[in-house]
Amino acid sequence: MNHSPLKTALAYECFQDQDNSTLALPSDQKMKTGTSGRQRVQEQVMMTVKRQKSKSSQSSTLSHSNRGSMYDGLADSYNNYGTSSRSSFYSKFQAGSGSWGYPIYNGTLKREADNRRFSSYSQMESWGRQYPRGGCTAAGAGSDICFMQKIKASRSEPDLYCDPRGTLRKGTLGGKGHKTTQNRYSFYSTCSGQKAVKKYPGRPPSCTSRQDPVCVPPTSCTKDLSFSHSRASSKICSEDIECSGLTIPKAVQYLSSQDEKCQAIGAYYIQHTCFQDESAKQQVYQLGGICKLVDLLRSPNQNVQQAAAGALRNLVFRSTTNKLETRRQNGIREAVSLLRRTGSTEIQKQLTGLLWNLSSTDELKEELIAEALPVLADRVIIPFSGWCDGNSNLSREPVDPEVFFNATGCLRNLSSADVGRQTMRNYTGLIDSLMAYVQNCVAANRCDDKSVENCMCVLHNLSYRLDAEVPTRYRQLEYNARNAYTDKSSTGCFSNKSDRMTNNNYDCPLPEEEPNPKGSSWLYHSDAVRTYLNLMGKSKKDATLEACAGALQNLTASKGLMSSGMSQLIGLKEKGLPHIARLLQSGNSDVVRSGASLLSNMSRHPALHRVMGTQVFPEVTRLLTSHTGNTSNSEDILASACYTVRNLMASLPGMAKQHFSSSMVNNIINLCRSSTSPKAAEAARLLLSDMWSSRELQGLLRQQGFDRSMLGTLAGANSLRNFTSRF
């Protein structure tokens, strides 16, 4: 007796324990290039001296080498949309001068090899006699991001101390006989390496509007520069700090001084020392310095505000204790209050950098969402994006691109929390602004803009469990279809074949789209899908590619009509399969995993089988033939590839036979025996069982010396109970 090929294999419950969701993490290679604080300072001194020799009258500018960064640099082009004063060629290093004669601080990349993260400190460029005192640079922004291993629903959370693997996965299931669907969550935030960029003289730091490189205006730190514009009697320069013999205890005492310049000296010293010495953070904490710095955020003097914000940013970096203490001292509320009322770009950079650092700790997320989200959205995100709904109450003041970058980095972390995700979806104008910014960048061919990555990761996170958490038109159609099916099936013992709800493919039309989507409606709109695919086809940034694929993966991960509709929209209407297939050729295993998981979700829908067979099947089978299996994502990649091949093979056995090779079959057999990749081994066993049951493909197995007894040995009684019952 000839047995027909298995169209479905194994019941729903067989997949209950499968681990199929994935997490987004930076590549291991990029995380291994850590440098010590001493090495960074030496590099900064060398670069400063080199520029001093060539341009003695120009202020020195910090330059940090780009060590394997996933960014090409921090010089990003911005078109003039949204706000007329936005820079069209933005440099990380803004021009600035110390109004008291001593150097201000520069944002400097700090790479932590052990904790798998990129982030930035605020560092003093010139401190002590060994540094040339010729330049003053403005404070940079910071981020403090990493990952947590054990987190509900396989979402990566930004905890500071974690297992390098940093993943936990929990599958949600598709229909009977199909691979479990895969929800993705990407939250991790990164900062890139930094390069010095020239500026034209006389251009305000946050208002540059030329695309050509511009030069930093020459500045000099003289001993008689005033403390602030209104306090000419208070003067200080770097020599005063240099000769003061400051220590951490004395700097903390300075914070309580009635003299504002002493307050600033103490804060700047703490900021600088915490960049160099991790132990200084604990010392400041023990001396009660955090409380005093929080109090200084209320100072009427902007220089003191900036110094205090920069010191707090460095203090909380990589220190959960200091983060919690900052919250306990009401630091979050004070920082948000200052951000709401300040008009200083440099203070905004420091504050948004501080909030970004704080957002990496779970315990602070709820308060940050309640306190910081409204200010970040209304004062930074919405104004900078250019989106407008006619609400004149929102701020339309110029926003610096770096402030926007920091704000989106903070939201990138906050969107990983359940309460944050729901609040952001419901916040008027937020999703619209993020989508508008991404679309504008794609239209302007700025797909590798550093803020695009943050925006895409926020949109990726907001699409997580969208079908279950947000009332969509798909859910209403499903509800109507189920009711209609129930009514018809209750009238008799037989029902029309067209009324059956098989494999979640319901006989009902797809919902009509809103011509002008708003809020969460954007997340599943065809314009958003088109934007993701265009970005996927143009961007060279791995993290951006992964976020695009992850957002689409979330949209196709449900068990209902939305998954089918989104899959058909991606594969048929928008013709996005070639872009997804390109991801499988990436040298970054995170990107490959995202693409393979997305294809696995889409392969559950028979309407796509033919087009997937011609456009992606060869690439997927190549994964099973040539994938080395030596990356942390290999198990996920191979499991997804097995499920995709299995689903397509059931509809297209003849085409599958053309692409199956002896080496691929051998790899699948070897994968079944793998004890280190249980999920991939289970997927390979199911694929083998379907191959054996197919008359077109059984011969390939026999040519490799494979027989039915070997299949039973490899698969085991539990995983092949449905298969063996057919013989």
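The backbone N, Cα and C atoms fix where each Cβ goes, and this holds for glycine too.
What Swiss-Prot says about this one:
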MOD_RES   S4  phosphoserine
MOD_RES   S119  phosphoserine
MOD_RES   S120  phosphoserine
MOD_RES   S122  phosphoserine
MOD_RES   S143  phosphoserine
REGION    161-270  region 'Required for WNT-mediated nuclear localization'
REPEAT    276-317  repeat 'ARM 2'
REPEAT    413-443  repeat 'ARM 5'
REPEAT    505-536  repeat 'ARM 6'
REPEAT    537-583  repeat 'ARM 7'
REPEAT    630-693  repeat 'ARM 9'
Should anything in the same chain at least six residues away from the repeat 'ARM 6' (505-536) have a Cβ under 8 Å from its Cβ atoms, list it; otherwise answer none. 425-426, 428, 431-432, 435, 438-439, 442, 447, 452, 456, 459, 462-463, 466, 470, 472-474, 476-478, 480-481, 484-485, 498-499, 544-545, 548-549, 551-552, 555, 561-562, 564-566, 568-570, 573-574, 576, 579-580, 582-583, 605-607
What mean pLDDT score does the repeat 'ARM 7' (537-583) have in the model? 95
Please count the residues of the repeat 'ARM 5' (413-443) that DSSP assigns to helix (H, G, I), strand (E, B) and coil. 25 helix, 0 strand, 6 coil
